[in-house]
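Lifted from Swiss-Prot, the feature list:
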BINDING   Gly37, Pro38, Ser39, Gly40, Ser41, Gly42, Lys43, Ser44  ATP 1 binding site
BINDING   Gly332, Lys333, Asn334, Gly335, Ser336, Gly337, Lys338, Ser339  ATP 2 binding site
DOMAIN    3-244  domain 'ABC transporter 1'
DOMAIN    299-533  domain 'ABC transporter 2'
Amino acid sequence: MTIEFSNFSFRYESLDKPTLRNINLRIEKGEKIVIIGPSGSGKSTLGQCLNGLIPHAIKGEVSGSLTINGQETATFAMHQFTEQVGTVLQDTDSQFVGLSIGEDIAFALENQLTANIEMYSLVKATAKMVDLEQMLQRSPHDLSGGQKQRVSLAGILVDDVDILLFDEPLAALDPKTGKRTIEIIDDLHRKTGKTVVIIEHRLEDVLHRHVDRIILMDGGEIIADTTPDELLASPLLAQYGIREPLYLTALKSAGCHLALDDHPSSLSELPLANYQHAMADWFHQANTTSNHIRSETLLDVRNLTYSYDGEKNALEGVSFNVQRGEFVSILGKNGSGKSTITKLIMGVIEPDDGTMHLNGQDLSELTIFERSQKVGVVMQNPNHMISHHMIFDEVAFGLRNRGWDEQQVNDKVLEALELCGLSKYRHWPIEALSYGQKKRVTIASILALEPELLMLDEPTAGQDYRNYTSMLSFIEKLNRELGITVVIISHDMHLVLEYTTRSIVIADSQLVADAPMTDVFSNPALLDRANLTTTSLYELATRLNMAETNAFMQHFIDVEKASRLEKTVERNVA
């Protein structure tokens, strides 16, 4: 089932310029390819052309040709696309049509008037392929993120399509579930010989299993069509703002030259003996870092317990504290209870048991509004927080609610916008901003209120590496220069490793660890319990037989932090 784009371009109806430009790409039957690129590069648009959403659901101007199995798709009806291309979306909830898993998998067969006896055996066989055969009576909406993806996958496998398209399948998954998803996709690819196309930001996670080719896109064009080894041996990832595997960053920091023949796409195949001396010398340059923790407690949580349904606890007896000026992470798999902590601190829900004190004051004595003056929360999606048309008015909203006079409001808003690098946009409409800039507006709105604690819920969600690095470097600067206390809630292991100093780990509604981040990340048993995984930095240290794994990881963190600080200084000078 060959796919071929020839001189293919596409322009959205509402835009002046094309989003895809002169795409020439051939994907052979049975290949597994990955499409990567920064936000706005055109990779998702390319996927929508492949599955027929463009031009059937999304209108625009198409030029050039797209053929599937030698057939020109310009004349395809929508059903002809769906008979050949099955798509698993990032938002799996939007794909469910049945009340039970069995009904959802059977949907396509019912449309084809398949006999019940045949349908039953096909549904059972397909469910078994994705390890769901014991769950056919359950509602898909009651499942975890990884289980939901398997239901969506089964729904297209039962239709026996030849091409499987995955649009950012790892975006909402915790590390262990994401790893399992890549393994399931790989198993299906090897067993069925289907053509697999994966659109994804998280390149290192996708490379957990073999892929044939990687397509790098930027500005609506194909920049590179190459093997994983060729791409990772080149400077293209850094040039186009794509996060490279952590082990490669560490090796390059030590001055190790990585050639194509070294197989840089696979840590297990790298000739690490060749780099042993360079890595040892690099590590011996390390200065002993002591993350000084201030003795003054800002947030004190004791025996926090909460249940959404009165039966199963979302949190059970959780206790921890956050010192003033710390940069802390709360880790855990999807559904572990970590976001419940944010809701309890905000006052959106009240605990069944336990206490929360901020700067010595019992939060239960404060209203939601009063808490919002002390605790600033940045949600995953900035569009859920924004309520005004203009940037200035959005940042001024909280101050005006406090009854400040307009001159005070003006001065404070300009100060917050300047701090967030948005002062030149103060008279702009919010719709004109990028996703990352909108996030900065929400942060500016919170900083204007001078909160004592800043909490960010999954700050990397929906952002590519370049955008989220820019935002987190900014948050790091606020923490370093203004002493703002920051708590990040995430399951992005790279983010937590590079930016935070201490990790609070939640698993199955309970606190299982509260320790320096390097201690947590060098404890495979603990990470496994929390449905997290060790990073490739830890794997590299282990394979190099580093006796002090924690110190090795800390040195890497210090080097990266110094590099970020140096780049910030250079930008300020420029």
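Even glycines carry a Cβ here, placed using N, Cα and C.
The most densely surrounded of the binding-site residues Gly37, Pro38, Gly42, Gly335, Gly337 is Gly37 (count of other Cβ atoms within 10 A of its Cβ). Spacing of Ser339 (ATP 2 binding site) relative to Ser39 (ATP 1 binding site) is 26 Å (Cα to Cα, whole number). When the alpha carbons of Gly337 (ATP 2 binding site) and Ser39 (ATP 1 binding site) are compared, the span between them is 30 angstrom. Under the three-state DSSP scheme, Gly332 (ATP 2 binding site) falls in the coil class. Each of Asp174, Thr340, His491, Ile506 belongs to the same chain as Gly332, Lys333, Asn334, Gly335, Ser336, Gly337, Lys338, Ser339, is absent from that list, and has a C-beta within 8 angstroms of the C-beta centroid marking the ATP 2 site. Taking the Cβ of Lys333 (ATP 2 binding site) as centre and 10 Å as the limit, one finds 23 other Cβ atoms among all the protein chains shown. Its Cβ placed at the centre, Lys43 (ATP 1 binding site) has 25 other Cβ atoms within 10 Å. Gly332 (ATP 2 binding site) is 27 Å away from Pro38 (ATP 1 binding site) when you measure Cα to Cα.
Ranked by Cβ neighbours within 10 A across all protein chains shown, the binding-site residues Ser41, Ser44 are led by Ser41.
Cβ-based crowding with a 10 Å cutoff singles out Ser336 as the top-ranked of the binding-site residues Ser39, Asn334, Ser336. Cβ packing within 10 Å was compared across the binding-site residues Gly40, Gly332, and the lowest neighbour count falls to Gly40.
For the pair Gly332 (ATP 2 binding site) and Ser41 (ATP 1 binding site), the Cα-Cα distance reads 31 Å. For Ser339 (ATP 2 binding site), the number of other Cβ atoms no farther than 10 Å from its own Cβ, over all displayed protein chains, is 18.
In three-state terms derived from DSSP, Lys43 (ATP 1 binding site) belongs to a helical segment. In this structure the alpha carbons, written CA, of Lys338 (ATP 2 binding site) and Gly40 (ATP 1 binding site) are 31 Å apart.
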